[in-house]
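Remarks on the structure that follows.
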Amino acid sequence: MASSLYSFLLALSIVYIFVAPTHSTSRTALNHRHEAKVTGFQIMLEHVDSGKNLTKFQLLERAIERGSRRLQRLEAMLNGPSGVETSVYAGDGEYLMNLSIGTPAQPFSAIMDTGSDLIWTQCQPCTQCFNQSTPIFNPQGSSSFSTLPCSSQLCQALSSPTCSNNFCQYTYGYGDGSETQGSMGTETLTFGSVSIPNITFGCGENNQGFGQGNGAGLVGMGRGPLSLPSQLDVTKFSYCMTPIGSSTPSNLLLGSLANSVTAGSPNTTLIQSSQIPTFYYITLNGLSVGSTRLPIDPSAFALNSNNGTGGIIIDSGTTLTYFVNNAYQSVRQEFISQINLPVVNGSSSGFDLCFQTPSDPSNLQIPTFVMHFDGGDLELPSENYFISPSNGLICLAMGSSSQGMSIFGNIQQQNMLVVYDTGNSVVSFASAQCGAS
């Protein structure tokens with residue numbers, strides 16, 4: 001049902017936009033520079049390794065390595081000392097967004113990141129820039145570029161803004177030594193045939209620790225005022241991620257197009273942390289393997305409102321799903337008990353738990369895996385939690401986090417319609433053939 005509805009919507013409208021008079025809300029107050037309100041459009045997403053001549057094993061190995069690096073960044077955000085000058089953000093990711101910037105429009109690609117807010121790309125003049133496949137953006141060559149004054153509310157929305165000649169300056173660190181520094185400005189961003197003026201973004205002139213062929217910047221999709229959804233004043237977006245190795249692009253729908261998608265049950269309540277308000281925390285009550293409800297106290301997944309520890313976030317950029325250690329060990333042991341196949345070392349491919357598959361594949365029985373959310377039970381398809389990096393091997397696409405926070409990763413979300421509705425504080429899920437025409 002959801003798959004056919006999703007395909008119908010994509011066939012109906014590749015790109016849709018409607019403009020209406022802005023209305024006065026606290027969010028649109030931050031968007032006072034916009035003359036019209038964008039209510040809906042689509043963006044195509046490509047996997048960062050799409051089109052590369054890589055084997056399935058190499059694709060998984062690279063994705064897990066990126067995911068592990070991202071996990072370290074996320075954990076650094078939780079453990080960063082208060083009052084530091086440079087804030088730490090998630091960065092990195094698995095899906096690229098193709099867009100253009102400036103007038104005339106100059107194409108570039110950027111990571112879609114639900115774990116951070118800032119939109120940024122590399123800019124000239126560059127003190128330190130990494131290689132990118134498209135020319136580095138030169139704001140002096142764009143008739144629609146403006147610098148952002150220090151008095152701007154979106155400048156003040158930065159956690160550690162600085163000021164130089166009344167120009168707003170930013171520094172974003174990513175926990176592993178990667179960092180982008182530069183000036184804040186406003187510019188026209190173009191998605192397909194849709195051009196949106198006066199988007200606030202970071203013009204990165206000193207960018208260290210990036211440059212692995214993964215785009216020329218980042219588009220923050222988090223919950224803060226600097227993110228793309230917040231600047232567009234949309235409270236809904238959805239994506240449908242195609243599997244790793246697929247040549248078919250994924251789709252991101254914002255605003256009214258996402259409003260048109262009814263994902264239905266199951267769903268989960270969104271929670272916002274006062275310590276890290278960017279993240280999309282969800283409400284998970286328990287896990288089941290096969291018919292066994294695991295003896296995991298719901299507090300293992302609860303966000304501590306006092307100090308911001310714990311909880312589980314849904315994230316587009318982390319490859320595997322990570323549970324706090326006691327929950328993960330319970331999942332791990334139950335799969336070992338129920339699958340009853342030889343356990344083999346999968347560390348060379350980045351997995352903690354792998355099994356040797358029987359010579360006759362029909363003898364392989366994979367237990368079901370269910371996530372018990374407060375708004376219903378999500379039973380994942382087996383290919384979303386067991387994957388085969390090579391012949392004769394299947395591996396659990398999960399791991400253990402060390403800092404008390406769990407992460408619902410993107411392998412578990414593949415071929416699934418995921419709808420974020422911040423207006424109603426809910427995330428919904430529905431099975432779908434992502435990328436189907």
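In case you wondered, yes, glycine gets a Cβ from its N, Cα and C as well.
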Swiss-Prot annotation: Cys434 disulfide-bonded to which of Cys168, Cys203, Cys240?
Cys240
I'd like the Cβ neighbour count for Cys126 (disulfide bond), meaning other Cβ atoms within 10 Å of its Cβ, all protein chains included.
15
To which of the glycosylation sites Asn98, Asn131 does the lowest count of other Cβ atoms within 10 Å belong?
Asn131
Compute the average pLDDT of the predicted model within the domain 'Peptidase A1' (95-430).
91
Just give me the nearest neighbour of Asn198 (N-linked glycosylation site) among the recorded positions Asn53, Cys126, Cys168, Asn307, Cα to Cα.
Cys168
Taking the Cβ of Asn307 (N-linked glycosylation site) as the centre, count every other Cβ atom within 10 Å, in any protein chain shown.
11
Based on Cα distances to Asp315 (active site), point out the closest of the disulfide-bonded residues Cys129, Cys150, Cys203.
Cys203
